[in-house]
Every structure is written in C-alpha cells, then in structure tokens.
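Taken verbatim from TrEMBL:
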DOMAIN    8-152  domain 'Kinesin motor'
BINDING   Gly92, Gln93, Thr94, Gly95, Ser96, Gly97, Lys98, Thr99  ATP binding site
Amino acid sequence: MPREVSSSVRAVVRVRPLLPFEVDAGHESCCQVSDERSILVRVGSGHQWRKYIFDACLPEDRAQKQVFQDSGVSYLLDEALAGYSATVLAYGQTGSGKTYTMMGRSVSSERSSPDEFSKKSDDGLILRAARRLFRQMGTLDGFCGGDGSSEG
C-alpha cells in the first residue's frame with residue numbers, strides 16, 4: 001500500500017532466490033531484506049553491506065500473490081478505474097526475475113501439460129491485475145479461466 005495518497009511514484013524491490021545452478025556453484029546472495037522498507041547489499045566481495053531504503057522490500061520467499069498484494073498494484077488498479085493513469089515498471093538486470101514477477105511461470109517451459117495452466121499460484125502481476133480489473137467491472141466470469149473468486 002502506498003505511504004500516502006499524494007505519492008506519485010513508489011519504488012518496490014523484490015529479491016529473487018538463488019537459482020539451483022547458482023546454489024550448486026556455491027554462490028551466495030548479495031542482497032538481504034532487513035525489514036519491510038530496507039535492503040542490505042553486499043559491497044564487492046567483502047563483508048561490508050550498504051543499506052538502501054525503498055517504499056517496500058519483498059524478500060525472496062514472498063509468493064506471487066503476496067507480491068501482488070504488497071506492491072500496491074491493487075491501489076493502482078483502483079486509481080486506474082477512477083480515471084487516473086497508472087503504470088507498473090519492472091526494472092533490473094537480466095536474470096533478476098522481472099519476467100517471472102510480471103508474467104509468472106506460465107511463460108516458461110516448465111508447464112508441460114494443459115492442467116498446469118489452471119494453477120494460479122505462479123501467476124504474475126499482469127494476469128492478477130487483469131483478473132482483478134475484470135472482477136471489479138463485473139465481467140470476470142469465463143475470462144482467463146476465472147471463476148469470479150476473489151483471489152488476487
């Protein structure tokens with residue numbers, strides 16, 4: 001949720017977990033979420049850390065549904081329906097998790113059967129936002145496999 005209604009820009013950081021091949025290679029995470037608004041980033045290969053403060057920091061164990069709820073996208077959708085412009089921008093280095101956050105696992109080859117497309121737990125912000133918008137407009141039933149439930 002936004003700190004204040006008058007705030008026009010919010011910065012939300014999501015830390016992705018290490019991938020299996022990174023763990024196998026002995027890599028360690030260079031980022032740690034210290035609380036809901038700050039993140040620690042390791043400087044170089046040393047043991048020094050720098051602290052950065054954002055509007056929200058989401059740790060690596062945060063589920064897609066929680067990211068949708070905690071990032072303020074629901075607020076943006078409400079504002080968009082009220083006639084205001086709203087944008088969500090995913091920014092970061094290649095491989096940092098932007099596509100997964102925005103699109104979910106449905107874009108990857110890991111879903112091998114049609115049944116796996118009905119799972120909503122890995123849906124990204126875009127599909128969740130579309131569901132919410134259509135639900136708020138009263139037309140979600142039958143769209144995107146939606147059942148009209150209030151899942152985010």
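Glycine is treated like the rest: Cβ placed from N, Cα and C.
Caution: TrEMBL annotation is automatic and unverified by curators.
Across the domain 'Kinesin motor' (8-152), DSSP helix (H, G, I), strand (E, B) and coil residues number 48 helix, 23 strand, 74 coil.
Excluding Gly92, Gln93, Thr94, Gly95, Ser96, Gly97, Lys98, Thr99 themselves, the residues of that chain whose CB lies within 8 A of the CB mean position for the ATP site are, in sequence, Arg16, Ala90. Counting every protein chain shown, 10 other Cβ atoms lie within 10 Å of the Cβ of Gly95 (ATP binding site).
Over the domain 'Kinesin motor' (8-152) the predicted model carries a mean pLDDT of 83.
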